[in-house]
Amino acid sequence: MLKLENIHAGYGPTTILQNVSLEVKEGEIVTIVGANGAGKTTTLRTIAGLIKPKQGSISFCGEDITRLRGDQVVDRGITLIPEGRQLFGDMTVRENLLIGAFRAAARANHERRLDEVLSIFPRVRERLDQAAASLSGGEQQMVAIARGMMAQPKILMFDEPSLGLAPIVVSQVFDIVRQIAGTGTTVLIVEQNVYTTLKVADRGYVLENGQIVLEGQSEALLNDDHIRQAYLGI
Amino acid sequence: MTTFLQILVNGLMLGGLFAIVSIGLTLIFGIVKVVNFAHGEFLMAGMFITWLITTRLGLHPYAAVIIVVPALFVMGALTQRLLIQPLMSARDDHVQIFATVGLSTALINLALLIFGADIANTPAHGLRAPISLGPVRVLTGQLYIFGAAIALVVALHLMMKHSQIGRAIRAVAQNRSAAELMGINVNRIYILSFGIGAACVGLAAVLIAPLYPTSSNIGTYFVLTAFVVVVLGGLGSIPGAFFGALLIGMLDALSGFYIGSDLREAVVFGVFLVILILKPSGLFGNRRALSHLS
């Protein structure tokens with residue numbers, strides 16, 4: 001469904017990603033794990049069209065999307081829930097969600113979609129008319145996820161959804177990721193929380209210094225010696 | 001008492017005039033984050049087109065709105081697309097400022113070339129006739145300007161709050177990269193917003209032309225006050241521009257009568273300074289809206 005081939009990308013003259021190739025198949029939950037600074041966020045931003053790769057190609061459902069602008073990528077059905085939530089703080093929660101449905105394919109039936117999404121997030125429903133900035137960190141993360149779902153994407157990408165959240169909220173976030181995947185949406189998730197993420201995901205890629213060093217089924221990765229030593233501390 | 005009322009109303013009418021000139025300027029700044037130093041020349045262009053339509057076709061000046069507002073929209077949109085957008089990656093706001101200052105100079109000289117240095121008087125068609133409102137009298141045209149300023153503020157507010165495109169505009173103004181992640185074409189929103197801001201000053205031009213003589217430097221005359229209004233109200237705030245304009249109008253009228261007409265500007269700028277010392281982000285501004293300027 002989504003395929004990156006030999007991607008080199010970075011900011012300005014610095015290259016962060018080197019020869020990254022990965023694939024996400026329809027209906028899968030795929031994760032990219034790795035330490036801080038390994039290039040996980042850069043990978044997602046490159047797919048989302050916010051960074052143009054220097055080399056390599058990205059295709060989605062058979063179409064070459066390497067050179068598309070960010071808004072065009074969203075139109076194709078790829079939505080990124082960014083790190084740090086990036087809500088529109090002065091706007092109400094409802095307005096944030098409606099903006100999520102800006103994509104042409106999502107605009108027509110956004111009322112019904114809003115109801116569907118809110119049934120997953122009952123707490124968000126109670127906060128609909130509050131300014132997004134007034135919510136707690138956990139609630140804001142729920143709004144960010146709900147906003148991403150409003151676009152009705154074919155593939156939803158999460159960038160560090162557990163960052164800065166209390167442990168109980170973290171487990172709620174992963175429950176929701178599972179729920180979203182259960183409705184048939186493909187998920188690509190980037191995390192530093194390696195153990196929990198591999199428990200949720202079908203397959204994983206390990207990114208170190210901008211290169212994929214390991215890939216495989218989640219169980220296999222959880223039992224891999226290198227992963228156990230470097231990321232799980234076992 | 002009647003005198004005081006009359007002066008108050010004069011101030012209100014002047015405020016309405018400042019407001020309608022300033023709204024487009026603050027709108028463009030709030031969304032595109034560009035200070036358009038050619039704003040006054042957009043006004044001048046609109047007034048000349050109004051004058052042409054009124055004199056050549058013998059129409060009522062207000063009929064020119066059908067041409068002037070769309071024409072100014074296109075002018076604003078093209079300015080953004082052809083002048084500002086290529087400079088947006090420059091990362092340095094000063095480059096854009098120089099570009100709009102250059103556009104201002106170019107438009108003034110273009111007007112001198114086409115219309116010469118003479119003053120162009122748009123026929124008033126009764127708009128300079130006074131009408132009585134109880135004990136006070138105002139010019140008909142001034143009253144329409146005041147009404148139009150209120151209508152414009154309300155219309156823009158409704159559009160920003162309740163339409164999907166208005167929400168998209170606010171989203172871009174607040175967080176450009178998050179807006180892009182929502183599938184919003186940010187450059188298109190900038191072009192649209194610059195167009196809307198210019199269209200607002202086009203409306204102002206049609207309403208002002210029958211009351212003030214048009215010349216190539218008329219823009220400079222109005223736009224200095226417009227900058228004061230916009231900064232006083234809080235850069236980017238439409239209600240701020242409206243109430244800031246009313247305050248400046250009242251101060252101008254009251255100090256002109258009670259203190260002396262040559263001290264009006266000293267009073268206006270004095271109050272302006274005091275307000276900025278007390279509330280640097282302006283009456284309706286928030287600190288965050290200015291953070292990108294630091």
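Each position is counted from 1, following the chain as shown.
The backbone N, Cα and C atoms fix where each Cβ goes, glycine too.
Residues or ranges marked as transmembrane segment in TrEMBL: B:12-35 (among others). Residues 42-43, 76, 80, 84, 93, 96-97, 100, 138-139, 142-143, 145-150, 152-153, 156, 169, 172-173, 189-190, 193-194, 196-201, 203-204, 207-208, 222-223, 225-227, 229-230, 233, 235-238, 240-242, 244-250, 252-253, 289, 292 of the same chain, all 6+ positions outside the transmembrane segment (B:12-35), place their C-beta atoms under 8 angstroms from a C-beta of that stretch.
Annotation source TrEMBL lists transmembrane segment at B:42-59 (among others).
Remote same-chain residues near the transmembrane segment (B:65-84) are listed as 28, 32, 34, 36, 38, 42, 45-46, 49-50, 53, 96, 99-100, 103, 190-199, 201-203, 205-206 (criterion: CB distance under 8 Å, separation of at least six residues from the stretch ends). The transmembrane segment annotation in TrEMBL covers B:65-84 (among others).
Taken from TrEMBL, the feature transmembrane segment covers B:96-119 (among others).
Residues or ranges marked as transmembrane segment by TrEMBL: B:139-160 (among others). Proximity of distant same-chain residues to the transmembrane segment (B:139-160), defined by a Cβ-Cβ separation under 8 Å and at least 6 residues beyond the stretch ends, is recorded for 12-13, 15-17, 19-20, 23, 27, 62, 124, 126-131, 133, 166-167, 169-170, 196, 200, 203-204, 207-208, 210-211, 238-239, 242, 245.
Packing against the transmembrane segment (B:189-212) from elsewhere in the chain are residues 17, 20-21, 23-25, 27-28, 31-32, 34, 36, 39, 42-47, 49-51, 54, 61-62, 64-65, 68-77, 79-81, 84-85, 88, 122-125, 127-128, 139, 141-142, 144-145, 148, 152, 156, 165, 168-169, 172, 179, 218, 222: each is 6 or more residues past its ends and has a CB under 8 Å from a CB in it. What TrEMBL records for B:189-212 (among others) is transmembrane segment.
Sequence-remote contacts of a segment are chain residues at least 6 beyond its ends whose Cβ falls under 8 Å from one of its Cβ atoms, and for the transmembrane segment (B:218-235) they are 18-19, 21-22, 25-26, 29-30, 39-44, 47, 104, 107-108, 208, 212, 241-245, 247-248, 268-269, 272, 275-276, 281-286, 289-290. Per TrEMBL, the feature transmembrane segment maps to B:218-235 (among others).
Per TrEMBL, transmembrane segment is recorded for B:266-285 (among others).
Here the transmembrane segment (B:96-119) has long-range neighbours at 34-38, 40-42, 44-45, 48, 79, 83-84, 87-88, 90, 213-217, 219, meaning same-chain residues at least 6 beyond its ends whose C-beta is under 8 angstroms from one of its own.
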